[in-house]
Amino acid sequence: MRIGMICPYSFDVPGGVQSHVLQLAEVMRTRGHLVSVLAPASPHAALPDYFVSGGRAVPIPYNGSVARLRFGPATHRKVKKWLAHGDFDVLHLHEPNAPSLSMLALNIAEGPIVATFHTSTTKSLTLTVFQGILRPMHEKIVGRIAVSDLARRWQMEALGSDAVEIPNGVDVDSFASAARLDGYPRQGKTVLFLGRYDEPRKGMAVLLDALPKVVQRFPDVQLLIVGHGDADQLRGQAGRLAAHLRFLGQVDDAGKASAMRSADVYCAPNTGGESFGIVLVEAMAAGTAVVASDLDAFRRVLRDGEVGHLVPVDPPDLQAAALADGLIAVLENDVLRERYVAAGNAAVRRYDWSVVASQIMRVYETVAGSGAKVQVAS
């Protein structure tokens, strides 16, 4: 099968959707399918040979974050050319609601079109502005996928169409077998934070507020930080506790897996804006206990606290105290921590790419059943 995929977000910056698209493309290629991926990227970006750059991206506020997207007349021409020469059996768009390559392609293309919805926000200015345009455009989508129940419900409420729920995929074995970082496990406890720590919704401020109580209980605890942000600024905010912070910066997937394998607990103190907890799944696959905010998306992944510790986020002014208590409870109780690890190991199997890719392929086969090709609309 010839599969065209479009990622709206730039591959110059790591992100969950980018990782999902890259891994899905790789799995489909190993199964013998021909895949071409169109995505924003700068000229110096290191991309596989089956990637086509849609050009440099620009930062646009989206879903409580800053997404790096590509739009405009030149991009329109590039998308049209890519579609015309692709001879695709299926076109798979990711996040077609964002002002991006995906939205452009949905407007230009017709035929067997699949779309995956990753976000669940109901406060999108983009959606408000484009809703009248999006609804008729969405009628062109033959197969709809939502990565979570939240994303599916948002799709139904905002645009009036249903979707099949297929979660994000994880290469479970690669996380389970990853080598630990040099010097780990440490003599003391290690808590891992992963994400763009300069984005408020990722919850680093909450974690810093929780840290004094955790340090009081575990004086040798280390907060291992992976991701993008201003490390010097964060050290300044941590004050006298800055010595407990270790920064790894941005890492590749192998580095992420090693960091997760090296921690006693993975902490996700997010305050909102999440539709699926893919990083929680990765941590569980690595054999690391999870302490996470009690958000709908995280609660679903952690099975209401069965496979990880959930921390109340309301009232907000008490979230840091609750997070500190949760971290201490899991760090000091080896039996509880090992129970979470064992339960997580069993729970993540449904997210393995061997399962998820097969579910997506069934959607492809359904929409491409007529034999019609993806074409540029006349």
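Heads up, residue numbers simply count up from 1 along the chain you see.
Just so you know, glycine gets a Cβ as well, placed from its N, Cα and C.
In the three-state DSSP assignment, the secondary structure recorded for D252 (GDP-alpha-D-mannose binding site) is coil. Neighbour list (D252 (GDP-alpha-D-mannose binding site), Cβ cut-off 8 Å, at least 6 residues apart, same chain): empty. Taken from Swiss-Prot, the feature GDP-alpha-D-mannose binding site covers Y9, G16, R196, 201-202, 251-253, K256, 274-278, E282.
Marked as site 'Important for catalytic activity' by Swiss-Prot on the basis of similarity to another entry: H118. Contacts of H118 (site 'Important for catalytic activity') defined by a Cβ separation under 8 A and a same-chain sequence distance of 6+ are given as G16, V17, H20, H94, E95, V147, A151, N168, S275, F276, in order along the sequence.
Listed binding-site residues: R196, K202, S275, G277, E282. The one with the lowest count of other Cβ atoms within 10 Å of its Cβ is R196. Figure note: comparing Cβ neighbours within 10 Å for the binding-site residues Y9, K256, the maximum is reached by Y9. Look at H118 (site 'Important for catalytic activity'): DSSP puts it in coil.
K202 (GDP-alpha-D-mannose binding site) falls within a helix when secondary structure is assigned with DSSP.
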